[in-house]
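Participant: Take a look at the following structure, please.
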Amino acid sequence: MAKKKMGLLVMAYGTPYKEEDIERYYTHIRHGRKPSSELLEDLKQRYKAIGGISPLAKITLEQAKQLEKRLNDIQDDIEFQMYLGLKHIEPFVEDAVRQMHEDGIKEAVSIVLAPHFSTFSIQSYNERAKAEAKKLGGPVIYTIDSWHDEPKFIDYWVEKVKEVYASMTEEEREKAVLIVSAHSLPEKIIAAGDPYPQQLAETAKLIAEKAGVKHYAVGWQSAGNTPEPWLGPDVQDLTRQLHQEKGYTSFVYVPVGFVADHLEVLYDNDIECKQVTEEIGANYYRPEMPNANPKFIDALATVVLKRIKL
């Protein structure tokens, strides 16, 4: 019997492919407003500080390809065909949906490479995909809202956290704290009943409990540069506060809201948070990001198959 064909729409934030893309990329993020020359220069310096344009573009594509392969390897009923759709740079979400339609794909399942639901992120991706599909008259898209508590996803982080704690002396472990974080969003989402903060708290609790970590805290990072209040505490402030109030001398940063090595992790954690730990005379740790690790890819595949009940 012929396999049923299904689109696999993998959506992500996107990143500049080369330095010349930085301005148009950030102009898109800023809803068509060009960044000032100062802001643009600051962004270029940040990319320079992490060794050049972030590897995110290559990693995202690799994650998507590996997910397609894994899904086709572990079941025989459906042949998945992957389409990559990005939020702020080509191929845009709409481009991917259009391509599916042109390829005759009637049904698709979509997953966003971010574990926690929010109206700002997951919902906006899903709405863009569905709006384009509706305009074209197909495909039907089965969206995934969240996978923040998927056991295999939690297990990936538990393993990485345990490795870090195992590298410490008993004395260091006693004064170590795990900081679990995600990208901050404007505070107004709370008033709207957005589950984003609650889902991050759930992920943090699951990881800490399963890894046997006594001391942990939830923080936010990479807040936007706008006048409105953003979710806090910021991870840098939290680091200083925990050191001052609790006397922690080792900090293990787990930016679970992200799934790859990119600017927010390589700069905001590995440079900015590390600078704070150096200022207060503490140790800095940051377990490796999921990227295209087979265990992480398997977690995503499990999430997709659960959504279409295979």
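Glycine residues also receive a Cβ, built from the backbone N, Cα and C atoms like all the rest.
Remember, it's a predicted structure, so these values are computed and weren't measured experimentally.
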Participant: Looking at the Fe-coproporphyrin III binding annotation from Swiss-Prot, with Arg30, Arg46, Tyr47, Ser54, Tyr125 already listed, which candidate in Tyr13, Tyr83 is the matching residue?
Facilitator: Tyr13
Participant: Taking Cα atoms as reference points, which of the binding-site residues Tyr13, Arg30, Arg46, Tyr47, Tyr125 is nearest to His183 (Fe(2+) binding site)?
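Facilitator: Its closest listed neighbour, by Cα, is Tyr13.
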Participant: Just report the maximum Cα pair distance in Å for the recorded Fe-coproporphyrin III binders Tyr13, Arg30, Arg46, Tyr47, Ser54, Tyr125, no decimals.
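Facilitator: Overall maximum Cα spacing for these binding residues reaches 27 Å.
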Participant: Measuring Cα to Cα, how many Å separate Tyr47 (Fe-coproporphyrin III binding site) from Glu264 (Fe(2+) binding site)?
Facilitator: 10
Participant: Tell me the Cα distance separating Tyr13 (Fe-coproporphyrin III binding site) from Glu264 (Fe(2+) binding site), rounded to the nearest angstrom.
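Facilitator: Spelling it out, the Cα of Glu264 (Fe(2+) binding site) and the Cα of Tyr13 (Fe-coproporphyrin III binding site) are 12 Å apart.
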Participant: Under a criterion of Cβ-Cβ distance under 8 Å and sequence separation of at least 6, what residues of the same chain contact Ser54 (Fe-coproporphyrin III binding site)?
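Facilitator: Non-local contacts for Ser54 (Fe-coproporphyrin III binding site): Thr15, Pro16, Tyr47, Asp261, His262, Leu263, Leu266.
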